[in-house]
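Over in TrEMBL, the protein carries these features:
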type	residues	note
COILED	116-180	coiled coil
DOMAIN	222-501	domain 'Aminoacyl-transfer RNA synthetases class-II family profile'
BINDING	THR314, ARG345, GLU368, ASN474	L-serine binding site
BINDING	ARG345, THR346, GLU347, VAL361, HIS362, GLN363, PHE364, GLU428, ILE429, SER430, SER431	ATP binding site
SITE	THR476	site 'Important for serine binding'
Amino acid sequence: MGLQCYFGGTTIQTLKLAAIPASSRFILKPISKTLVLNSFSRHNYVNCPQRNPFKLLVRALSATAVQTAPITERLDNEVVKPQWKAAIDFKWIRDNKDAVALNIKNRNSNANLELVLELYEKMLAVQKEVERLRAERNAVANKMKGKLEISERQKLIEEGKNLKEGLATLEEDLVKLTDELQLEAQCIPNLTHPLVPIGGEDSSTVRKMAGTPRDFGFLVKDHLQLGKELDLFDFDAAAEVSGSKFYYLKNEAVMLEMALVNWTLSEVMKKGFTPLTTPELVRSSVVEKCGFQPRGDNTQVYSIEGSDQCLIGTAEIPVGGIHMDAILAETQLPLKYVAFSHCFRTEAGAAGTATRGLYRVHQFSKVEMFVLCRPEESESYHEELIKIEEDLFSALGTLDMASGDLGAPAYRKFDVEAWMPGLGRYGEISSASNCIDYQSRRLGIRYRPSEPTPASPIKGKGSLAPTQFVHTLNATACAVPRMIVCLLENYQQEDGSVIIPGPLRAFMGGLELITPKST
């Protein structure tokens, strides 16, 4: 997050996450495994300790796989038509059954592979029979074009009628089978990067560690106490107005949010990213296509009753949909976006000390990076996103997260965590995921290579190369509330004041210090 190296002795940790199944990333749980990264300090500020207190940690994110069930229901064994269809390679799944089954197991997904394969074989059989009956119907129609005896013509008419009726029934069965196959197959998670550790969160591996938490030398306050004494938050009024886990920011906290957003945007734009603001209500089908679960008891998504719209939990969703059902020219790639939005999450199932204050809330501001690229480039852009996060937070280090802790859409995922003195541990502030073609197959985003593929020319298409699915990646550049928690707690001073990190001061009118209000 772009607080550059100005955080002095900041410690950041980078971890690699395991593959994520079909839904992305609503990996809303903080990663408990933490790593300490190198601290850095390019500049010293007035009253700023030599060792920067802002400790960051980047670690591979491994959220429990979230099954993404399409918005459909089965009533009395009747299959409801899915609202959308993913371009799933069923033949590849069948031919790689053992590998797919193992991946489902490693990702703790409850996808029913046996049912998918059974439905696929049934669909192929019915499809073959449909083609046979169509051929017979055409043959009968051709015979009737010639000169025939009345009895022979009548016989062919009857035969054609029977074929038509039988064909209609089979075609109806084929549609139902195809729909049911889609519903079941959409639950199969993404593939997993071969270097991802197998297992639960405890299987995550640390790749690099550096730095140590700040030694304050005085009794540390958490961000709630600091916010109260500095008059920065009002949770009580927000609870009356909106409910629990909502808040008002006040005074310098408002300026701090704006500074974080504007500073982050300006830094990421220097890397060639196009800035966006996005819709914050999207169709539920787009939520699903991005790999999130918009319905169910444990969903993290707010759905609008009486409509097919949902509030977004991340700008990844509307940005992912911006090129939905499009064929891009290869020369357009990569497309790199940095989007600001408000995010809304139910935080279903969240409990414990890590839910207090700003750490886990229902609404927050966030800056998100999103990349669409050619398949062979996605790993390098994943590294670029991580590097941007590390530059923004200033640190270095990685941890491979285990496969059982990844979300559905991610092929590989990284988390960034920062030292939070109020919690006495590291807490997640960022993540970076490579979803390869998982989302693009669902969103229908393809590109056409500039040069045709000699080995597989397309008949009737001249010299045009066949289209391919793009790869998509996403990464958090700044999740504002978590960053405010880190800054307040790590930059607090013994007299109760909080130092403003140097990079943000120009975005806060030159303010260097937040001090208690005089009464």
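Cβ atoms are placed via backbone N, Cα and C, with glycine included.
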(request) Report, as a single number, how many Cβ atoms besides its own are within 10 Å of the Cβ of THR314 (L-serine binding site). (result) 28
(request) Within the coiled coil (116-180) only, compute the mean pLDDT. (result) 85
(message) Neighbour count first, Cβ atoms within 10 Å, every protein chain included; then name which of ARG345, HIS362 tops the list of binding-site residues.
(response) ARG345
(request) Using all protein chains in view, find how many other C-beta atoms are within 10 Å of the C-beta of ILE429 (ATP binding site). (result) 26
(message) Using other CB atoms within 10 angstroms as the count, which residue among the binding-site residues GLU347, PHE364 scores least?
(response) GLU347
(request) Starting from the Cα of PHE364 (ATP binding site), work out which of the recorded positions (ARG345, ASN474, THR476) are within 10 Å. (result) ARG345
(request) Taking Cα atoms as reference points, rank the recorded positions HIS362, ILE429, SER431, THR476 by distance from ARG345 (L-serine binding site) and give the first. (result) HIS362
(request) Compute the C-alpha separation of GLU368 (L-serine binding site) from ILE429 (ATP binding site), stating it in Å without decimals. (result) 12
(message) Among residues ARG345, THR346, GLU347, VAL361, HIS362, GLN363, PHE364, GLU428, ILE429, SER430, SER431 annotated as binding ATP, what is the maximum Cα-Cα distance? Answer in Å.
(response) 19
(request) Can you grab the distance from GLU347 (ATP binding site) over to THR476 (site 'Important for serine binding')? Cα atoms, rounded to a whole Å. (result) 18
(request) Measuring C-alpha to C-alpha, could you say which of the binding-site residues HIS362, ILE429, SER431 are within 10 Å of THR314 (L-serine binding site)? (result) none
(message) Comparing the recorded positions ASN474, THR476, which residue's C-beta has the most other C-beta atoms within 10 angstroms in this structure?
(response) ASN474
